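Annotated features in TrEMBL:
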- A:H70, A:E91, A:H108: Fe cation binding site (BINDING)
- A:C76, A:C79, A:C116, A:C119: Zn(2+) binding site (BINDING)
Protein chains: 2
Amino acid sequence: MRMTKARRDILKIFNENDKPLNAEQLSKILEEDYDLSTIYRNLNFFEEQAILRSIVFSDKIKYYFTSKGHYHFVYCTKCKKFQKINKCFEEEFKKHINKKLDFEVKSHTLYFEGLCHDCKNRRDYDEAND
Amino acid sequence: MRMTKARRDILKIFNENDKPLNAEQLSKILEEDYDLSTIYRNLNFFEEQAILRSIVFSDKIKYYFTSKGHYHFVYCTKCKKFQKINKCFEEEFKKHINKKLDFEVKSHTLYFEGLCHDCKNRRDYDEAND
DNA sequence: TTTGCTGCAAATTATTTGCATAGTA
DNA sequence: TACTATGCAAATAATTTGCAGCAAA
C-alpha cells in the first residue's frame, strides 16, 4: 500500500466524519482536487483493505464509512442524510428512532451478507476459478 | 389500473416465489416475452401501488418481492441468492443464520428509511415543490 | 529505478424515457 | 372509442477501465 496524498486526504475526511459519504460528496469536500476515477479507485481499495465499509440504499449510490463501530443508520429518502443509531435491537430501535430522533420510519430492512451453505462448501473450487 | 397480460404474468411469478427477483431474472422467467422496459415500468408501477417492495444490495441491482410479511434476508454475495429469515432480533438472527441456514455472515446492515426531523416538518412545502 | 497511482477519455450497465402503435375497459 | 400500456431505440448516470505519464518507495 502506497500512501499518496489522495489516500491521506480521503482517510482524513472519513476519520472526521461519522456519516456515510458517496464518491460525489467526497469529491466536493476535496474541492475537486482529484479525478473521480481516482476517488472511486481508492474507495474500492479501502474497502478491500477493510478500512472502509459501504452500504447501498434505495438510491443505488454506494456510501462509505469507517469500519469501526456500528453499521446501523436511519436514512432520509428526501434529503439523503444519515443519522447513526447506537441501540441494538429492533423494537428498541424503532422507539428510539421515532422518539429520540423524531424520524418518521417508512420502511426498514435488515440484511446479512455472506456465503450461503453451497458457496461456503464450494469456496476453494470457486476462488480458484473466479 | 389496467390489468394487462404482462402485469398478470409478473404478479403470478411473485406470488409463487418468496425470494426477491430483479428485472433481468424476471425477464428470463417470462422467457423474454416482454421488453425489459415494460418489465421495469411495471415493477415501478407495482411498487408505487405498494403491491411490491424492493431492496438494493451491494450489487446495486433492485430486487423486488411481495409486500406481505418480513423484509429480512440473507443474501449470498457469490451466487446472489436469497433466503428469508423469520426470526426477529439481531442476536437470535445471527445464531439462526449461522446454525440453521449454515450461512457464513460476513457483514450485516440494518436500516430504516423515512423522513428525518427536518424533512418531516417541511413536508407540505416540499411536496408542493418537488 | 521500479512499480503502483493518477488523470483523462471512453466503455459499461441497470434503468429510464420519447414516441408511435397496440391493447384494455 | 378513449386512454393507457407496450416495444423499440436512444438517453441517463454511477462506476469502471485502458493507457500514458507521474510519484512514492
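Cβ coordinates are placed from backbone N, Cα and C, and glycine is handled just like the others.
A helical conformation is recorded for A:C119 (Zn(2+) binding site) in the three-state DSSP classification.
Each of the binding-site residues A:C116, A:C119 was scored by other CB atoms within 10 A of its CB, and the lowest score goes to A:C119. There are 17 other CB atoms within 10 A of the CB of A:H108 (Fe cation binding site), with all protein chains counted.
Separating the Cα atoms of A:H108 (Fe cation binding site) and A:C119 (Zn(2+) binding site) is a whole-number distance of 27 Å.
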